[in-house]
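*Asks:* Reproduced below are the annotations present in Swiss-Prot:
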type	residues	note
ACT_SITE	H187	active site, proton acceptor
BINDING	G11, A12, A13, G14, Q15, I16, S17, N105, Q112, V129, G130, N131	NAD(+) binding site
BINDING	R92, R98, N131, R162	substrate binding site
Amino acid sequence: MKAPVRVTVTGAAGQISYSLLFRIAAGEMLGADQPVILQMLEITPALEALKGVAMELDDCAFPLLHSMVCTDDANVAFKDSDYALLVGARPRGPGMERNDLLEANAAIFSVQGKAINDHASRGIKVLVVGNPANTNALIAQRNAPDIDPRQFTAMTRLDHNRGMSQLASKLDVSINDITKMTIWGNHSSTQYPDLYHALVKGDAAIDKVDSTWYAEEYIPTVQQRGAAIIKARGASSAASAANAAIFHMRDWALGSPEGDWVSMGVYSDGSYGIEKGLIYSFPCVCKNGDWEIVQGLSIDEFSQARMTATETELQGERDAVKALLPA
């Protein structure tokens, strides 16, 4: 058996984490031969609820769950951490503007970024799930100057999975028949679900769908799926978000499927003309515990306009919290 690795989960008593922690402990994220130490962070008022979650984890008797830490101290939660899933974030309350939300979360993610910088393993892999995920990841990354910025990612895998599912449903094919789905940009309603490079059973997906359906139904459906779930369920998507987090980390750690790629919010190196340093979703291939942006994809005017629009939104979010970012 391998030596255990430390996995930090923030917002650990929340809805998404309740769908996430048990799957991590069962080996779904890092493999059936990798023991884990779960380091769970919560705000002080939620520690009692977290204790209940830890009791349930105990009661599952997972062979791979080596031990657990429950804490309200970020420095303890990130100590020697190898993987971190930053799920906890300030939800948008009634009457809150987006900029209020950005500022409230900037405070949370700057503290966590500093704790990662000071206490985590130098090779830590960080996935930000809590919204606004791309900008929260940027804030954490900027507060961890001693950690390679490539080690901070934001989750757009839920959008990627939604895009695949909507296409599979339209064409009446299996999810397994679809490859090379791409989400560009922000995890928000400006994201661009791109089918121009996607394949269905090896054939171009874009040739199988009507252009009006693609532009006027498919793209808005994927962009606004989160809001549709809140309307139907009365709560935001939790199990599907947890599932996407598992997929994102699993592929980053263990490798993405051969001949395919995944969508990840990553540190832009200027690829496709996107401003360097933004956390932007690109098509990525993962192997040997690292990711690379897929290069050389042709981008037409339709795609370029949408890729730029979501970049502009991310620049605006960054500028809204600029005063709170380290120089």
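Even glycines carry a Cβ here, placed using N, Cα and C.
Values in this document were obtained by computation on a predicted structure and should not be read as measured data.
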*Asks:* What's the longest C-alpha separation between any two of R92, R98, N131, R162, the listed substrate-binding residues, in angstrom?
*Replies:* 24
*Asks:* Since the record lists Q15, N131 as binding-site residues, which of them has the fewest other Cβ atoms within 10 Å of its Cβ?
*Replies:* Q15
*Asks:* Counting only residues 6+ apart in the same chain, whose Cβ is under 8 Å from the Cβ of G11 (NAD(+) binding site)?
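*Replies:* Set apart from G11 (NAD(+) binding site) by at least 6 residues yet with Cβ under 8 Å, we have S17, L41, E42, L86, V87, G88, A89, G130.
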*Asks:* Using Cα-Cα distances with a 10 Å cut-off, which of the binding-site residues A13, R92, Q112, N131 are near H187 (active site, proton acceptor)?
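*Replies:* If one measures from the Cα of H187 (active site, proton acceptor), the binding-site residues that come within 10 Å are N131.
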*Asks:* Round to the nearest Å and give the CA-to-CA distance linking A13 (NAD(+) binding site) with N131 (substrate binding site).
*Replies:* 17
*Asks:* Would you measure the largest Cα separation among G11, A12, A13, G14, Q15, I16, S17, N105, Q112, V129, G130, N131 for the NAD(+) site and round it to whole Å?
*Replies:* 20
*Asks:* According to DSSP, does Q15 (NAD(+) binding site) sit in a helix, a strand, or coil?
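*Replies:* The residue in question, Q15 (NAD(+) binding site), is helix (DSSP, three-state).
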*Asks:* Identify, in sequence order, the residues in the chain of R92 (substrate binding site) that are 6 or more apart from it along the sequence and have a CB within less than 8 Å of its CB; answer 'none' if there are none.
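*Replies:* Spatial neighbours, sequence-distant, of R92 (substrate binding site): R98, L101.
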*Asks:* For Q112 (NAD(+) binding site), what residues in its own chain, 6 or more apart in sequence, show a Cβ-Cβ distance under 8 Å?
*Replies:* T10, A74, F78, L86, A140, N143
*Asks:* Determine, to the nearest whole angstrom, how far the Cα atom of N131 (substrate binding site) is from the Cα atom of Q15 (NAD(+) binding site).
*Replies:* 14
